[in-house]
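**Q** Input: one structure, supplied below.
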Amino acid sequence: MDFLTSELLGVEETLQLTSELTNRESIWLDGRLTAGEHAALVKHNRQLDPSLPLARSIAEIVEQKIIDSPLLKSFALIRRVHSILISRSEVGDGYGWHVDNPFSKHGRRDLSFTLFLSDLSDYEGGELTFQLLQGSKEIRLPAGQIILYPSSSLHCVQPISSGVRLVCVGWIESYIQSTEDRSLLFNLDAGAKGLLARHGRSDELDLIFQAYANAVRRLSGR
């Protein structure tokens, strides 16, 4: 499994985060300031000034929510969450096909995430679109939902045709760099935990958890 979607914020939590982002034009900067040289050519949006206390506060809340999620921790095997940004896209804005830079000054980018902050009824367009071997995959999620995906993915954000799209984006450095290895470990962990919940602990299940822990050690180089 390369992609994962999950609810990260409830309705009230999402409204609380976004309440201070509306009707304040001075807090937004040109989104191209945080893009690489090639990606900047196709990036058209605005981003919350990262130097503002508001931006740092939102980033801290989102980071902690991700770290506290058992599902996201199991899927991403999180070493650190970093480079969190708030993006605002209006009519005509979008982000053409690109691949995220592999590194930032804060760490390696193994997984990217988009946390949707706007209700689906607030805008049209703005689909997060991935180029896959079998074709393209479009994602539009309700407010409070997050998607994690490999940072190596070729993806784009379709132009906004009406309304305003607010999202929080960021990156995860994983203990396990390989997407395939993370997928293997996630399936093993999910299966073992499912058996534990259904049947309780057993000596055989202890061996599976031991194998999982030692596989993480080996694949992480630790």
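Placed from the backbone N, Cα and C atoms, the Cβ positions cover glycine too.
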**Q** His98, Asp100 bind Fe cation in Swiss-Prot, but which of His155, His199 does that record place at the same site?
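**A** Of the residues offered, the record points to His155.
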**Q** Return the average pLDDT for the domain 'Fe2OG dioxygenase' (80-174) as a whole number.
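**A** Summarising the domain 'Fe2OG dioxygenase' (80-174) by its mean pLDDT gives 97.
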**Q** Under DSSP, is Asp100 (Fe cation binding site) helix, strand or coil?
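**A** The three-state answer is coil.
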**Q** Could you tally the C-beta atoms, other than its own, that fall within 10 angstroms of the C-beta of His155 (Fe cation binding site)?
**A** 23
**Q** How long is the line from the C-alpha of Asp100 (Fe cation binding site) to the C-alpha of Arg165 (2-oxoglutarate binding site), rounded to the nearest angstrom?
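**A** Cα-Cα distance, Asp100 (Fe cation binding site) to Arg165 (2-oxoglutarate binding site): 20 Å.
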**Q** Enumerate the residues of the same chain, His98, Asp100, His155 excluded, that satisfy the criterion Cβ within 8 A of the mean position of the Cβ atoms of the recorded Fe cation site; list them in sequence order.
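**A** For the Fe cation site the neighbour list reads Ala39, Tyr95, Trp97, Val99, Ser112, Ser151, Ser153, Leu154, Cys156.
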